[in-house]
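TrEMBL has this to say about the protein:
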type	residues	note
DOMAIN	49-541	domain 'Major facilitator superfamily (MFS) profile'
REGION	1-20	region 'Disordered'
TRANSMEM	46-72	transmembrane segment
TRANSMEM	84-102	transmembrane segment
TRANSMEM	114-140	transmembrane segment
TRANSMEM	146-164	transmembrane segment
TRANSMEM	171-193	transmembrane segment
TRANSMEM	243-264	transmembrane segment
TRANSMEM	276-292	transmembrane segment
TRANSMEM	313-330	transmembrane segment
TRANSMEM	350-369	transmembrane segment
TRANSMEM	404-422	transmembrane segment
TRANSMEM	442-464	transmembrane segment
TRANSMEM	515-533	transmembrane segment
Amino acid sequence: MATTTPEIRSLENEPRKSTTSTAQLVEALDIDSPAAEPNYPTGTKFWFTIIALSVVLTLGGLDTNIVATAVPSITNDFHTVADVGWYASAFRLCCCAFQFGFAKMYKLFSIKIIFLLSNVIFLVGSLLCATAASSMMFVVGRAVTGLAFSGQLAGCFTVLLHIVPLDRRPMFLGLMASVDMTAAIAAPVVGGALTQSLGWRWCFWINLPIGALSLTALFFLFSDPPKTHQEDNLTVTQKIRELDLVSNCLFIPALTALFIALSWAGTKYPWSDAKVIALFVVFGVLFGAFVFNQYRRGDSAVLPFRIIRDRNVIAGFIYTACTNSMINVLDWYLPTYYQIVLSRTTGESGYLMTPLLVGNMLGLMLQGIGTTTLGYYAPFMILGSICMPIAAGLMTTYSLHTSLIQIILYSWFAGFSGGIGFQGPQAAVQTTMSAADVNLAIGVILFSQSLGPAVFLPVAQVIFTNLLAGRLQSVVPGLTPKKIEELGLGDIKDLAPVDMLDKALGAMNTSLTRTWYLSVALGCTTIVGSLLVEWRSVKKKQS
């Protein structure tokens, strides 16, 4: 890892200017200055840093979905199901909402301090969840951990920029992504095992010793890279002004309104209900105000227009959001298929998730190695766009009598297709964009990674519950989407008369596979991103 490249020398050395304009900062990049040669860590220090970053991503990835199998135990403790929807949504909402803010903070302030602070906040959030005395306190803890993971996610990839040369980053980006996605996919299995053996609170207690260990390691292993002269000359007040707090105050409630609207529409309330319409209107107004404020502030905005107009950022946003949503929609409903339709146990369901995990990890690692070897990321994105609709389409053929070998092969292929191009967008923006804009561009990609599932999982839930309610009317009279949400699929299965059980299972199976049509559509949409992305070799100097 001692090899150095000239692509990011501008991170280390820039001529002094009297203005702090980001546009002028980009023009001032001195790429060829020999004095700016990056000093990458090597040997034991490098590998321990990679391990510490992997631990951070593992804990955060697990927290994304770990409550999925723990919800029944949590609701039994708190004696309420009123806040169940927020146990996962609070985490995802805060992870999305603060992504741009953290990207800006990593640009303006000490990377090490912000990253370590994010890790401390994550531990505080985990402690709140583990000791929660009420459902509302638990939701607050989930929101705090989501906020913290937003900073951790951006921080891990920012740290990676400063410890790995550009031409070798794709391989390590693939490693980091495989760790994060594997943890997120495996989270329900881990959560179920911890809940069954030690209790649901241990899903969060376990974060404290492991997180404290990685925090201590990073404190000693990672050192801040030198800031540019312009960033050094900014006062604390100027830096706070550069954070664009007004935009964040508009963006966070806008996303909150959108998430609530999507979680209510079609299940708790009809789409035409005044409450749902009002929430969408609030989202539209606040998001419009956010966009206007970005335009008004120009280069000092939290998300400058020059970033979101870049073809690689647009391509990366589309590809990442759709790919992660495709995988999450499949992953979210696979345990339901195994446990309800095939009548497998929780443990067996966990084992049957393994092919998806293995396929995803293999795809991510092959892309990292392939991009590092060949130099190009676009071919892997195109391959992913070809494979994803096919894989998701194969999974829509699942039935009550699908063979085990088909289940293993199809789910493995789905995981592989989602992983083989997943890190292409990050490699693209790191290769094509100026050093001054890389953090913000990666922030957009990470935001799309969180936003996609946050939007499309509620959409999938609406599709599933409405399909199921319609198909089970003749089996369980009076069943509505709202009642499905309250009862749970296991209870609905028990309500079906014995002589109608096969019909009920068939209705559940059809509803699940029709819901996966959404994954097929998302897989098809990724081709827009993979064809739009610029072909550039990671082995050549950044322009």
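Backbone N, Cα and C atoms are what each Cβ position is placed from, and that goes for glycine too.
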| query | Per the definition of 3+ C-beta pairs under 8 A with sequence separation of 6 or more, do the transmembrane segment (171-193) and the transmembrane segment (84-102) touch? | reply | no
| field | Cβ-Cβ under 8 Å with the transmembrane segment (84-102): same-chain residues at least 6 beyond its ends | value | 63-65, 67-68, 71, 74-75, 114, 118, 138-140, 142-147, 149-151, 153-155, 243, 247-248, 251-252, 255-256, 259, 263, 302-303, 440, 443-444, 446-447, 450-451, 453-454
| note | Among 146-164, 313-330, 350-369, the most Cβ pairs under 8 Å with the transmembrane segment (442-464) come from 313-330
| Hey, does the transmembrane segment (46-72) touch the transmembrane segment (404-422), meaning at least 3 C-beta pairs closer than 8 angstroms, sequence gap 6 or more? | no
| Where among 46-72, 114-140, 146-164, 313-330, 350-369 do we find the most Cβ pairs under 8 Å to the transmembrane segment (515-533)? | 313-330
| remark: Outside the transmembrane segment (243-264), at least 6 residues beyond either end, the same-chain residues with a Cβ under 8 Å of its Cβ set are 85, 89, 92-93, 96-98, 100-101, 104-105, 108, 273, 275-276, 279-280, 282-283, 286-287, 289-290, 293-294, 297, 300-303, 454-455, 458-459, 462
